[in-house]
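These notes concern the structure reproduced below.
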Amino acid sequence: MDSSSFSSLRAYLRALSHTPTRLSQRALSVSTSYDEMSQVRARSGTTMRKTLRWYDLVSLGIGGMVGAGVFVTTGHATRLYAGPAVLLSYAIAGLCALLSAFCYTEFAVDMPVAGGAFSYLRVTFGEFAAFMTGANLVVDYVLSNAAVARGFTAYLGTAIGISSAKWRLTVPSLPDGFNEVDVVAVAVVLLITLVICYSTRESSMVNMILTALHILFIAFVIMVGFWRGSWKNFTEPANPENPGGFFPHGAAGVFKGAAAVYLSYIGYDAVSTMAEEVKDPVRDIPVGVSGSVVIVTVLYCLMAASMTKLLPYDMIDAEAPFSAAFSGKSDGWGWVSRVIGVGASFGILTSLLVAMLGQARYMCVIGRSNVVPSWFARVHPRTSTPVNASAFLGIFTAAIALFTDLNVLLNLVSIGTLFVFYMVANAVIYRRYVATGTSNPWPTLSFLCSFSFTAMMFTLIWKFVPTGGAKAGMLSVSGIIAIAILQLFHCMVPQVRKPEFWGVPFMPWIPSISIFLNVFLLGSLDGPSYVRFAFFSAVAVLFYVFYSVHASFDAQGDASLTAKNAEIHVDSKGIEDQSFKV
């Protein structure tokens, strides 16, 4: 009897006829930490070499977050939303990122594997939830990396004084948005692909050098801004008819600004995918992930303050605030805009390098679970890197960067990453309060659903109800309900699992606040983002139904399926001891 669902057309059609049964068995089937670190990891063949320390992770985190985006989002948030209070927007967004980073850290320390959020969700909510979030995350990585690569051409042109239009070839027969061929972007993506295929350690060294250079340029911009600027710009607009003061648009403007700049913090999640290659996960991962977020928050706040000191908020260019502030200068400071272009170019390279490291490791571990072809899971015996996943996604990213316009791509990214942050925060609470097979999951699931619903209500009121006393009252009621739900859960449902090495403090308050903030930020995104999310989610569901569930079923077998669904989350060391006794 042929065991594969894909051995022939007849076997595949027979497998399709059993789709409902297989979905019921596989979709909610969970893995364990021990399985993820042993038999699942063994499917890659060669293990990834442990070469990274805490300073590597800090550097990777900074490199992944501080790209060119900060040079754009700062102007957008300052001019349209927060005004001089944009530095508070960055502080709020940094706090939100730090809370999410705590959730990632608990999982990464307990389960140091390369799968990041995919693995974390697989051991809590099951295979289907992990696949959906992992698929959206990989798509977001590929599209955002293609956008960043095309941005490199623009900033490099600024740095050397040549328009990016001269670097691109126009093909009139192609539709608008896809008719400018960017060979430079393709070359950059392929070069970085070669670097990450060669060695993780060497990739980290390249990132350290580029990140150090980038921070030097950022420090220069900060110093020039504080030196050349005036403190009166923190309270006085250039046009007296515009709102003045440090909070020209009130608290609402500060929070809208926080939502706008939060995307500048995306990138620290890629550090969690390097956990399998860390020498001392218990010590290095908490320092690397949280430390990079704190350092980046300080840098962003200083950059925002220096720009505000340089110009009144209503004169700041929303698209290119720093370079535009100097490009029109006639007093010998126009060259600073080129320096900013050089710094942004280094930032693009570091963020691209870290993101491409992360996307390859996500795809590698998704391949280990057999929901995509296991070919992606292979680790090269000489380089100890996931060469297949790195090369495939690198070529795919280069192909998209070759034709697709930056604006087209930017409308398609970000929502998937915020959704994954939301899911990981839910997962860390679920894992602390539910032990599969021994405790009732419904109190915890009821809390997570009701709390998320309350956060959604708060967000909808904030976004659509006109400003006034009624809005303030409804927001207050929603906030009180959320706090009451959280406190009730905290008092009535006991934790069933304590982290052995490192855990999120003040459970369940910190991950719950992260859930609330991520729902709030998701509500700030535009319509096209949700259209993209719905489209790719639908494609992912079809792929799971017609391929993944059957490949996963074949890999596990009927006997392991029953055992898998009956597994109990216990300490992985205890499981290992039992296996040796047998």
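Heads up, the Cβ atoms here are built off N, Cα and C, so glycines get one too.
In TrEMBL, annotation is done automatically, which means it is predicted and not curated.
TrEMBL lists 85-107, 119-139, 151-169, 181-198, 205-226, 335-358, 385-403, 409-430, 442-462, 468-489, 501-523, 529-547 (among others) with the feature transmembrane segment. Residues or ranges marked as domain 'Cationic amino acid transporter C-terminal' by TrEMBL: 502-552.
Here the listed stretches are 181-198, 385-403, 501-523, 529-547, and the one with the most C-beta pairs under 8 angstroms to the transmembrane segment (119-139) is 529-547.
The highest tally of CB pairs under 8 A with the transmembrane segment (385-403), across 181-198, 205-226, 335-358, is held by 181-198. Model confidence over the domain 'Cationic amino acid transporter C-terminal' (502-552) is summarised by a mean pLDDT of 88. Beyond its flanks by at least six residues, the transmembrane segment (85-107) meets 74, 77-78, 116-117, 119-120, 246-248, 253-255, 257-262, 264-265, 268-269, 272, 285-286, 289-290, 293-294, 296-297, 300-301, 304-305, 308, 313, 421, 424-425, 427-428, 499, 502-505, 510-511, 513-514, 517-518, 521 of its own chain at Cβ-Cβ distances under 8 Å. Counting residues 6+ beyond its ends, the transmembrane segment (335-358) has Cβ neighbours under 8 Å at 60-71, 116, 141, 144-145, 148-149, 151-152, 155-161, 188-189, 192-193, 195-196, 200, 203, 206-207, 210-211, 213-214, 216-218, 220-221, 224, 267, 269-271, 273-274, 322-327, 329, 390, 393-394, 397 in the same chain. Note on the domain 'Cationic amino acid transporter C-terminal' (502-552): DSSP counts are 40 helix, 0 strand, 11 coil.
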